[in-house]
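Taking it in order: structure first as structure tokens, then the write-up.
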Amino acid sequence: MPALRKHPHTATKHLFVTGGVVSSLGKGLTASSLGQLLTARGLQVTMQKLDPYLNVDPGTMNPFQHGEVFVTEDGAETDLDVGHYERFLDRNLSGSANVTTGQVYSTVIAKERRGEYLGDTVQVIPHITDEIKRRVLEMAEPDEDGNRPDVVITEVGGTVGDIESLPFLEAARQVRHEVGRENCFFLHCSLVPFMAPSGELKTKPTQHSVAALRSIGIQPDALILRCDRDVPESLKNKIALMCDVDIDGVISTPDAPSIYDIPKVLHREELDAYVVRRLNLAFRDVDWTQWNDLLHRVHEPRETVRIALVGKYIDLSDAYLSVAEALRAGGFAHHAKVEIRWIPSDDCETDVGAATALSDVDGVLIPGGFGIRGIEGKVGAIRYARKRGLPLLGLCLGLQCIVIEAARSVGLTEASSAEFDPDTPDPVISTMADQRDAVAGEADLGGTMRLGAYPAVLQKNSLVAKAYDATEVSERHRHRYEVNNAYRERIAESGLQFSGTSPDGQLVEFVEYPADVHPFLVGTQAHPELKSRPTRPHPLFVAFVGAAVEYNNGERLPVDIPAIPTADHQSNGAEHALEDAPARG
């Protein structure tokens, strides 16, 4: 009889998180919260998301379908769950943290074209699954500082039973076989619905979901039971029996007051203790010092400020997930609750619309985006905030709209961006030189923007330098357009200052009005929201929310709302809107 393979106890452990019954159960937040708990126990944790869609990355996907694109330090366009991972682990992840079917197939087909398979018939098993395994196991390699992770948490996207997810689940099963069962843990998230007519919680969907998982060779080690209420012990015992899972591994996770409470929910159910015990991990007790302070700020704010987020994708809040989280974190720094008002940018196109939408807020945020739809509304919101002394922060496209509004205020009435109006006589926002082929349709759109971390130099004593408490910073970017340097002097006549540039001075990275002109009107070409953490809020958001708090506590000027146009005038406006619709996209 052959000897059994031995696996070192010091090996990196792999923990897979799967989901069943329905999507949107919160696998990403569950995985992130468990990662936070293990980190608080002194373990080195890294995370990865396996996405079963055929897109190479989400960079060209519709925000209404996918939500935001989260950009990593190394310039990868990744799933929004990677943002959750970074915020809960409080560490930067690389592009390898997100694997898609499109990436896997592209790599395998490229290898086949190079002849690396030596004439083999290329198949899903073993070639696709081997490539998935390679990417999962690579996460266990030492980082740039030479630190090898104790635990790799891998979230498998999709729902058990989906055709698209099968290769990833098979690869996960094979990883368990290769690294050893004692070094691998499967956590399955399932729904326990409450049937109001009968007043009962139903376990059958979970039983069927686990049966589907077991049919492909995976026995879960623990179950996350998602419900709108606590699952009683009697039902937990029933599920443990029917799904062949230890009772200690059946975890009730009722809806939490906030996402920051989820680690406490999991810890109360002793999931983290069960995981470290099953994986034979060295650990210490959870250090709650930092997280308890966060929860105190979340649940016991001293005041509330209202921030208007003026965007074009507000029907799906996930399209601005990192922005919303950065705003809330900025509030935590001031012991303030940030109440986000989701304002469709089209509502602010007119002075009447902007005054109506923004009259009762303490600050305005203009997020990034693409395309012409809603641009005039963003410009209108900026004009209103500038004239009212209302704190405003513009991100990426938000900076570009600030520049357009400033240019129009000094007589360049047709100033616009080459993105929205290629024929504008005053393109104050122009296409970056290395992006012209992509914009012209002569190069790929996906993965070709100015992506990832880039440095910037800030003017001494500027608002942004004071916010950062530094004159050299690095932020993540995702854009193809830039401020046209030919218009800098003319735009400066408005009072707008170019307070931060690339180190060579050629690319505008930050703009602002001086403090004696406006209390806080700042724009950045970057996406600082991507580096904000709940326990370490981004300084730019801290400064912005701080300005909103001061505005809220100050004496407001009366709002002069322009008269509402007559019915005839409104009708004509509607006709013009219909005429513009095809061009606006």
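Placed from the backbone N, Cα and C atoms, the Cβ positions cover glycine too.
Given the ranges 410-431, 564-585, the record in Swiss-Prot names 564-585 as region 'Disordered'.
Matching Gly369, Gly374, Gly446, Gly505 to the L-glutamine binding residues that Swiss-Prot gives (Leu397, Gly398, Leu399, Gln400, Glu419, Arg480) identifies Gly369.
Residues Ser24, Leu25, Gly26, Lys27, Gly28, Leu29 are recorded by Swiss-Prot as ATP binders, and the candidate that the same record lists for that site, out of Asp81, Asp90, Asp120, Asp130, is Asp81.
Of the binding-site residues Ile163, Leu399, Leu399 has the largest number of other Cβ atoms within 10 Å of its own Cβ. Of all the binding-site residues listed here (Lys204, Gly369, Gln400, Glu419), it is Lys204 whose C-beta has the fewest other C-beta atoms within 10 angstroms. Around the Cβ of Thr206 (CTP binding site), 28 further Cβ atoms fall within 10 Å across all displayed protein chains.
The residues near the L-glutamine site, meaning same-chain residues not in Gly369, Leu397, Gly398, Leu399, Gln400, Glu419, Arg480 whose C-beta sits within 8 angstroms of the mean position of the site's C-beta atoms, are Gly368, Phe370, Cys396, Cys401, Ser417, Ile429, His479, Tyr481, in sequence order. Taking CA atoms as the reference points, Gln400 (L-glutamine binding site) and Lys204 (CTP binding site) are 53 Å apart.
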